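These notes are about the structure you will find just below.
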Amino acid sequence: MASPADSCIQFTRHASDVLLNLNRLRSRDILTDVVIVVSREQFRAHKTVLMACSGLFYSIFTDQLKCNLSVINLDPEINPEGFCILLDFMYTSRLNLREGNIMAVMATAMYLQMEHVVDTCRKFIKASEAEMVSAIKPPREEFLNSRMLMPQDIMAYRGREVVENNLPLRSAPGCESRAFAPSLYSGLSTPPASYSMYSHLPVSSLLFSDEEFRDVRMPVANPFPKERALPCDSARPVPGEYSRPTLEVSPNVCHSNIYSPKETIPEEARSDMHYSVAEGLKPAAPSARNAPYFPCDKASKEEERPSSEDEIALHFEPPNAPLNRKGLVSPQSPQKSDCQPNSPTESCSSKNACILQASGSPPAKSPTDPKACNWKKYKFIVLNSLNQNAKPEGPEQAELGRLSPRAYTAPPACQPPMEPENLDLQSPTKLSASGEDSTIPQASRLNNIVNRSMTGSPRSSSESHSPLYMHPPKCTSCGSQSPQHAEMCLHTAGPTFPEEMGETQSEYSDSSCENGAFFCNECDCRFSEEASLKRHTLQTHSDKPYKCDRCQASFRYKGNLASHKTVHTGEKPYRCNICGAQFNRPANLKTHTRIHSGEKPYKCETCGARFVQVAHLRAHVLIHTGEKPYPCEICGTRFRHLQTLKSHLRIHTGEKPYHCEKCNLHFRHKSQLRLHLRQKHGAITNTKVQYRVSATDLPPELPKAC
């Protein structure tokens with residue numbers, strides 16, 4: 001038979017307490033065993049924490065040749081601010097995302113192989129861009145000439161020559177067409193060198209419909225002017241068509257793999273499709289580079305360089321790093337749940353991940369239904385931070401907001417047209433053939449409604465017909481339609497939103513309203529505003545009829561009012577029989593007697609400490625949680641208890657409310673007065689002693705402090 005001692009006790013705050021203590025050790029530089037150098041900035045940390053959170057550090061410290069390193073230099077292109085945010089996230093589980101640092105954090109998270117952070121950054125970007133797509137969607141010409149891609153939309157392609165007549169594949173650097181890293185951030189204010197680029201990221205959604213995009217990618221006639229180079233021009237021209245049966249195509253033929261953000265298509269399931277080019281096309285010069293439909297200027301060619309993935313490989317690259325990282329996720333992996341980190345064994349660089357890939361385990365599909373995610377938690381964490389960080393846009397920020405939304409380059413000419421099923425059919429944000437939003441994620445809808453209702457920003461013509469926008473009614477007095485106007489205008493009779501109006505009308509349905517005047521049915525008082533009627537009803541006709549004649553306090557029972565009046569009169573009729581202390585309420589006397597009896601009925605479940613009052617237990621629990629909810633508005637110091645904050649405020653105000661009646665000295669804190677009475681006047685202030693003598697036997701000349 002199991003005894004209570006055999007049961008398992010779950011400490012809910014243990015994990016957060018350990019993380020808090022580790023962060024304190026890091027801040028005090030205690031037992032930190034590694035220094036991370038990022039662009040000449042040093043960050044001290046613990047190897048165990050880095051290994052538990054980052055796949056890159058896990059691969060470093062599990063290597064026998066690198067496990068004893070005390071200084072690690074990361075890639076010079078890693079942004080120190082992004083790494084600092086991720087390091088704080090490792091120790092606090094709080095990710096500080098803003099529009100200004102989202103790209104740096106995302107690039108650094110990719111480099112550190114923190115997939116759960118990358119997914120969160122992608123959701124942050126999608127949520128912020130969904131409301132701007134319709135307002136700033138570029139026309140078709142801008143779409144063809146655009147050079148900017150968002151990091152999650154970089155396609156993994158590498159141009160190679162078409163093998164003709166079974167000739168061996170030649171090394172053609174002119175046709176090498178990796179993603180152009182500097183141009184990806186040409187629309188951002190941050191220098192492109194601050195971010196690392198990766199060529200394995202999926203294309204999530206398109207700005208145009210499938211039919212419109214297919215017209216762009218599959219030209220029937222000659223789409224190039226005579227002076228413009230053909231795509232994949234380093235390949236030898238063939239008078240016939242380029243298209244061949246799939247089985248005859250060499251695997252080295254240039255093709256692109258377009259992945260869905262929710263699903264990885266197996267390599268053998270993809271079909272290679274090639275363009276059918278007309279016979280009358282002119283061959284291009286052999287030295288011309290492989291280019292998309294738009295011509296590349298010389299300046300951009302001079303800036304072109306290999307992607308940062310090669311530079312990252314120069315630093316700690318795992319020996320058996322998998323090629324396709326998306327295919328490593330198992331159905332039981334924590335990555336399948338939102339914002340959950342991979343365990344070290346499931347990280348991209350781990351040996352188990354390589355084994356999983358070698359075994360050919362099929363990738364699992366995550367749920368595509370937007371309702372499968374926890375939108376309540378997303379709304380509380382992400383949307384609230386978006387609203388709090390909202391600032392008025394200046395000229396630079398307005399230009400950044402115009403260029404930062406998702407824009408796509410036309411696919412390179414050597415890229416085959418993909419079938420509709422290979423396109424992003426599971427993307428949360430889709431566009432129909434007419435260009436309108438067909439399905440928008442629930443988080444984006446919440447974001448649109450909250451931001452528009454709080455900021456009152458002007459809407460575009462496409463948004464004006466959207467059913468998602470809640471139009472605030474015009475003010476009947478001044479005609480304003482601002483959402484904030486309902487709270488500030490004195491002529492507004494009720495709240496803005498219909499559900500609030502329904503609650504107000506149901507609560508005060510027994511009151512009458514005539515010609516804008518509100519009458520109370522209890523006493524026939526007249527008010528010009530419904531808020532004044534509500535205030536009058538609560539103060540006059542509430543269920544607390546007993547009111548204090550000295551203050552605005554009201555009580556439901558007469559005895560509570562009598563106890564309250566002792567606060568004003570200073571009367572303390574309840575006396576302790578042991579020490580003589582007096583109290584104005586019997587409950588306070590009952591609590592006081594526990595000091596003499598030694599009874600401590602309130603126990604802390606975390607550490608087992610016991611307390612006399614439940615308020616003391618609540619204050620003690622904050623020690624384990626690390627919470628300090630009471631900040632000083634003057635100096636910013638935070639306190640665990642409200643009384644400590646009140647005592648601290650006396651330092652700023654100079655108040656000294658406690659004074660000695662014998663020598664007329666004033667003290668800021670009660671403890672200082674009690675110490676003064678004991679040392680200077682010999683008073684007995686320690687009431688915790690179990691006195692054997694009653695209070696009536698105490699000498700009259702001996703002062704007593706409460």
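All residue numbers here begin at 1 and follow the chain in the order shown.
Every residue gets a Cβ built from N, Cα and C, even glycine.
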Which one of 73-95, 96-118, 602-624 shows up in Swiss-Prot as zinc finger?
-> 602-624
Pick from Ser260, Ser333, Ser427, Ser466: which one does Swiss-Prot list as phosphoserine?
-> Ser333
For the record in Swiss-Prot, which of the ranges 182-205, 374-397, 398-421, 518-541 is the zinc finger one?
-> 518-541
Among Ser343, Ser482, residue with annotation phosphoserine (source: Swiss-Prot) | Ser343
Which range of 262-284, 285-307, 630-652 is zinc finger, per Swiss-Prot | 630-652
As Swiss-Prot has it, zinc finger corresponds, among 17-39, 132-154, 546-568, to residues 546-568
For the zinc finger (546-568), which stretch among 574-596, 602-624, 630-652, 658-681 has the most Cβ pairs under 8 A?
-> 574-596
Summarise the zinc finger (546-568) by DSSP state, stating how many residues are helix, strand and coil.
-> 11 helix, 4 strand, 8 coil
Beyond the flanks of the zinc finger (630-652) by 6 or more, those residues with Cβ under 8 Å of it | 619, 622-623, 668-669
